[in-house]
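What Swiss-Prot says about this protein:
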BINDING   66, 99, 162  Zn(2+) 1 binding site
ACT_SITE  68  active site
BINDING   99, 134, 348  Zn(2+) 2 binding site
ACT_SITE  133  active site, proton acceptor
């Protein structure tokens with residue numbers, strides 16, 4: 001059994017349902033301390049995090065990831081117990097196998113091999129590990145980044161081990177992510193009996209033309225790396241449940257996924273302008289959960305692309321698709337950041353798994369990237 005597979009199984013066996021770390025981080029720390037890493041355990045609220053660093057000079061390459069996993073769903077529907085890592089028909093099964101305990105294991109064994117070959121390597125290696133990525137993400141990576149930023153400890157290169165591969169491992173690198181801006185819009189009217197329309201103001205009717213305009217607005221055209229910004233409604237709530245009462249207000253929840261071609265402030269201004277033009281009485285609360293970030297082609301993208309080609313025989317595409325990740329926090333202090341990891345076909349699903357044959361090439365990818373950037 002490879003060292004990476006063995007460590008991945010040890011991690012999967014720990015029931016670290018978010019935000020519980022279940023001892024995963026101490027296991028990782030026990031492998032890093034003998035290599036000369038300094039360890040900062042950073043607990044915020046009920047969340048365990050740590051920052052590890054080996055070296056005091058630049059450039060600093062940081063691996064980032066999370067030990068927490070999502071709940072299993074109906075255990076009886078799993079082919080194997082979700083926290084009993086099982087190798088079957090060439091696949092490693094278990095909750096967190098793809099998202100993202102195999103990546104964590106590959107980080108560690110790649111670093112171990114690199115340090116063994118280059119004990120006096122230039123630059124520094126770091127890790128940011130949290131147990132709060134799958135949950136509310138308020139006491140995890142964002143707080144670690146705030147700690148580093150407060151002392152002006154900046155990152156040159158960062159690799160997040162998210163499962164980015166689509167059809168075969170190595171086919172996709174995330175070199176950026178869209179921003180996420182949510183709104184809670186409450187349009188106010190006058191409640192009353194549905195049989196007396198002259199005595200009421202129906203907020204649903206009033207809001208409808210504005211909703212139509214918002215849904216048809218072209219917010220931007222995107223750019224080379226990002227698709228156009230999208231605006232989508234997720235929920236509409238209005239009414240008392242009775243069929244003879246016009247509601248006094250309607251609540252509309254919506255979300256922007258926006259590119260670097262737009263800013264959160266510009267999008268807010270344009271939404272308010274549309275609502276005001278339709279002469280609505282409304283309240284609007286905003287939540288910015290992540291700004292867009294982008295790493296253009298450069299030394300990090302070149303290094304990891306070459307490593308993937310050597311390890312997997314695949315030429316990766318660059319993509320900014322998908323949801324948000326902790327990369328949105330790290331981008332605030334990182335010069336270059338990418339995400340790369342296993343296939344994402346089974347993440348958050350029953351019978352989550354990775355191919356055993358992909359595990360050592362993943363470790364080799366991370367090791368080759370280290371060698372390209374820190375030799």
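Every residue, even glycine, has its Cβ placed from backbone N, Cα and C.
Known features from Swiss-Prot, placed on the structure.
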{"residue": "66", "record": "Zn(2+) 1 binding site", "DSSP class": "strand"}
{"residue": "99", "record": "Zn(2+) 1 binding site", "DSSP class": "helix"}
{"residue": "133", "record": "active site, proton acceptor", "DSSP class": "coil"}
{"residue": "162", "record": "Zn(2+) 1 binding site", "DSSP class": "coil"}
{"residue": "348", "record": "Zn(2+) 2 binding site", "DSSP class": "coil"}
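Apart from the site residues 66, 99, 162, the chain places the Cβ of 65, 100, 103, 133, 134, 160, 161, 163, 325, 341, 347 no farther than 8 Å from the centroid of the site's Cβ atoms, the recorded Zn(2+) 1 location. The recorded positions close to residue 348 (Zn(2+) 2 binding site), defined as a CA atom within 10 A of its CA, are 99 out of 66, 68, 99, 133, 162. The residue listed as 'active site' has a Cβ environment of 25 other Cβ atoms inside 10 Å. For the binding-site residues listed here (99, 134, 162), the lowest count of other CB atoms within 10 A around the CB belongs to 134. Rounded to a whole number, the C-alpha distance linking residue 162 (Zn(2+) 1 binding site) with residue 133 (active site, proton acceptor) is 11 angstrom. Note: the Cα of residue 99 (Zn(2+) 1 binding site) and the Cα of residue 68 (active site) are spaced 9 Å from each other. Across the structure, residue 66 (Zn(2+) 1 binding site) and residue 133 (active site, proton acceptor) are spaced 6 Å apart at their Cα atoms.
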